[in-house]
């Protein structure tokens, strides 16, 4: 596996509609970047180098959501060129903050905001990559966690399943011995319905989790909402709480009649 | 979990089907053991992880065979092993088939797909000591002819009856078609004096066990092998629970009298 | 290979020796707050890591102590289902709190532990190295009687069978237990209805009972082992006077009748075993967040999973063990999917295991009635109520 003659696996990092923060997470892996560069050929990563080598790619990391017809075509091309396709970040896995448009009238925005609305070519919704093509793995977070990104890359190199647990943020609070902010302080917290991965940072500083990793696969959001109301949030505040980086995913979880199977 | 894997060297490999491989391995240092038919090892593919795999043959010199189907990352790693590759093994774990229960009785072995692999050492042991048992019959079912394992070997087993059936025959198939339960009529056995050993998908186990009990085989003498997630194999991780059972410790082979009420509960 | 034979579990051997010692000599004494501080200092000087209750982030948590000053003097707790608040007490008591967010398993059965590492040589050779290393020698100060029973239960699970979890076994062997009997049970406590109670009966080295009266703030001490006797001898103490002993025993005895909750008086093992198809599970599933908090705070929940950690070079791998929970979807994963996909089946697994199948697997109930799962469930699911509902449903079915 580790013979020098072997062709290195090709890595591509591409983006759709996003802020580039998740790609930066990869550049921020300073201690590991050299080792990574020895194990993969970074064939396409505009954030790091303008040199682009042609596909196909062994592993493609996709940041960003699909917000234009062009994006929708492009992601199909990317999929066709990629052996493994992993989406990274809330935009790519849930539509991102820009999915707030899904709850509004985009034509109205266009008319109100832009002097020449006809210049704006956009879809009415912002959707995750998985709504368009098959995705091998979705790495959550806004932004993604550095350790989890390395785990995903290392796992694909080793041929194993990435060890990214799909449990609640509560797991991580308990593991790091954080006192529950809801039970002990009455602080509204999305931790019980949010996918772990950040290491439960906010509750460790006395704040409620605001769900930047999105709902876990078995989240029972309807059961949590009365608790948010009890802890002082009115209906509008609850809506604002849920409508951030994973707005579309939480919206789906809130109204899903059969959420847990 | 506190046991460490010990190195075993792959000394032979055979592709049984497009997705199933039998590896023959020998201790690269100290040997584990001894394994009994139906017991399993936690087999470690370096860098990928461990999975429970039953022994599919007990060979002289502490050599073992494991038959693995490619279904996940670890089994893919094991299936990619070549002669000379080193694997890690812990074990033996589990209850085993307990062939002793069948002394003086007719032995009926019923396998579905790769379920034949854990049963093979039992068949070998029974055939090696023929006089200790009555009639030995082996019934084998698979989805397609391509999914049959140990094809040549099973033809040579000197049993009273060995039957093979497939659910979906291909053009060249001239044998039996349909579920493995169809073969029960072909085997000659005295239900009240029979011990049966079953391994395969849960629906196949259920259908076969019910049919055998209906014909008069005592439920406790229908021995079935069950499957659940397994992480430690030493009774400490909690993953392999099936109601009151820890399958790594109390199974994976249990009597149908114990298994039936548990399998009747959805999502247990 | 680390194989422990049946009956050789640390706990059992140790607990038996302690019970005999107690029966023979039931030595008693009285120490004051300075004596308690001397106890901590002596244990620290002996090279032990002393763990005990202390206030942090609005709760009584368990942490390393270097003096008795860190104990939660003057703090009590106000508990309810899904509710925990610290409250000030005027009597200055240090052990009048209950059901904190942690249990001693945080230390005996830590949330993540490296088990072994593996190197692959250039020729493919596999070298596996044990990575458990030397374990800390703990002294636990302020172990509640319910938690003593919880530790005994984990002893049976992790060190009492054919195989032992080496790391747990070694930490457990080295741990010294100083109990604090209960005189202030919380509103979510129900140990009496789980055949326990506020008195420490076995498995401790020393048992303290806090006594506060006109005669001062002091601790009635019972010796439970030779190690406990040696420790007591090393700190300033007095012969137990009748007043202190009577107040201590009286306070614990009164606590028996002040439990905030109770399990219904039915055979829980039979009830849960007979209820897999109960309708109550659907109702419960609609309220349960499946967040897993109950399993994390439970002092007996022991489930773990393994992690295979590899580095980028691919020649070095590590095997870690970490806490897992039956509320996780992936917990029951077999190729093709999870066995327990519904919240109903996962909550049923937890409660049935705890109260019923635990008996089959490990010879006792898995619940000691500490009330943590009730207190620390964000939505306040109360297992005593759930069991009462299951019992009522069963009774209704039997009547028909």
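Just so you know, glycine gets a Cβ as well, placed from its N, Cα and C.
Automatic prediction, not curation, is the source of TrEMBL annotations.
Taken straight from TrEMBL:
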type	residues	note
COMPBIAS	C:1-11	compositional bias 'Basic and acidic residues'
DOMAIN	C:277-308	domain '4Fe-4S ferredoxin-type'
DOMAIN	C:358-386	domain '4Fe-4S ferredoxin-type'
REGION	C:1-23	region 'Disordered'
Can you give the mean pLDDT for the domain '4Fe-4S ferredoxin-type' (C:358-386), rounded to a whole number?
98
Are there residues at least 6 beyond the ends of the domain '4Fe-4S ferredoxin-type' (C:277-308) whose Cβ is under 8 Å from a Cβ of it, and what are they?
101-105, 109, 115, 146-147, 150-151, 153-154, 157-158, 317-328, 331, 342-348, 350, 354, 366-368, 370, 372-373, 375-379, 381, 386, 389-390, 393-394
Which residue counts does DSSP yield for the domain '4Fe-4S ferredoxin-type' (C:277-308) in the helix, strand and coil classes, in that order?
13 helix, 5 strand, 14 coil
When the domain '4Fe-4S ferredoxin-type' (C:358-386) is classified with DSSP, how many of its residues are helical, how many are strand and how many are coil?
13 helix, 0 strand, 16 coil
